[in-house]
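Each remark here refers to the structure printed beneath this line.
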Amino acid sequence: MNKTRLLTGITLALIIVLSFLFLPLNVLTLLLSFIVSLSAWEFYKLRFSSEVAIAISLILFFAFVYLSFGIGFKLSLSSIGVLAWLVIGFLILGFPHNKNILQNKYFWVLSGFFIHIPFWTSIFLILNYEGYFLENLGLDFSSRYTLVLLITLAALTDTLAYFGGKKYGKRKFLSNISPNKTLEGFLIALIGTPLLVMPVLALFFEYNFIKFFILIFLVSIFSVLGDAAASLFKRVAGVKDSSNLLPGHGGILDRIDSHLAAAPCFVVLVFLMGMGS
């Protein structure tokens, strides 16, 4: 692995985990709003001028700040996000036959909203949940540790898919949007993520095995979906990376693409299973 990529990845991981665990809630909320807005800026810059991209991302940033006052209808926004990601999944399967739809500027604007707003509201719901978010699952740790768990699941899925595909990949998977994705990498990620996470947590908690497995499995699928969606939009835009903000990694969007889809799925599943009540 490229040393710059490795160093950047380790540094980012440390900053993210320490921020989630120790920053005051209001500061963390502003930081997350800024990061998600940066991702939105990169997304819109793929299709529009820098000025338009900045304007839309600023609108989103102030929307995040406004939404941070009270829980309100954030669960509904997370649910809409899950539905939006399912639609994007069909668009991935239909590419390149639907390229004209994907290039439409109004579709691009709406896609950015449906990708970023549900992600932010899902993170906010976890951070501001009163009590243990996963208590009914048998995991009685704080909302901040729940957030670290979510980020870990998405990152681990992404990592296993990448390295599993590099070492064992033979059959192409979603080759219409990316030449590097393999079926073996996808399956290794889906199987490996619960196999690595569940035994570790079993050392400390007596959790509901079936519910937790379903949660991890579906979140892993959505993580792959998020990564594939980023590849789709970059393919339409004709670029490899969303930006060059992060040495060896591309842009913010390139780093959080899996998380953008995983977070709404995680939150909605928790509530559907009755874990968050």
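Cβ from N, Cα, C; glycine included.
Features of the protein shown, as given by TrEMBL:
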type     : residues : note
TRANSMEM : 6-36     : transmembrane segment
TRANSMEM : 48-69    : transmembrane segment
TRANSMEM : 75-95    : transmembrane segment
TRANSMEM : 107-127  : transmembrane segment
TRANSMEM : 147-165  : transmembrane segment
TRANSMEM : 186-205  : transmembrane segment
TRANSMEM : 211-233  : transmembrane segment
TRANSMEM : 259-276  : transmembrane segment
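The transmembrane segment (147-165) shares more Cβ pairs under 8 Å with 211-233 than with any other stretch in the list 6-36, 107-127, 211-233. Within its own chain, the transmembrane segment (75-95) is flanked in space by residues 101-102, 111, 114-115, 117-119, 121-122, 125, 174, 176-177, 222, 225-226, 228-229, 232, 235, 261, 263-265, 267-268, 271, which lie at least six positions past its ends and keep a Cβ under 8 Å from the stretch. When the stretches 6-36, 186-205, 211-233, 259-276 are ranked by Cβ pairs under 8 Å to the transmembrane segment (107-127), first place goes to 259-276. Per-stretch counts of Cβ pairs under 8 Å to the transmembrane segment (211-233) identify 259-276 as the leading one among 6-36, 186-205, 259-276.
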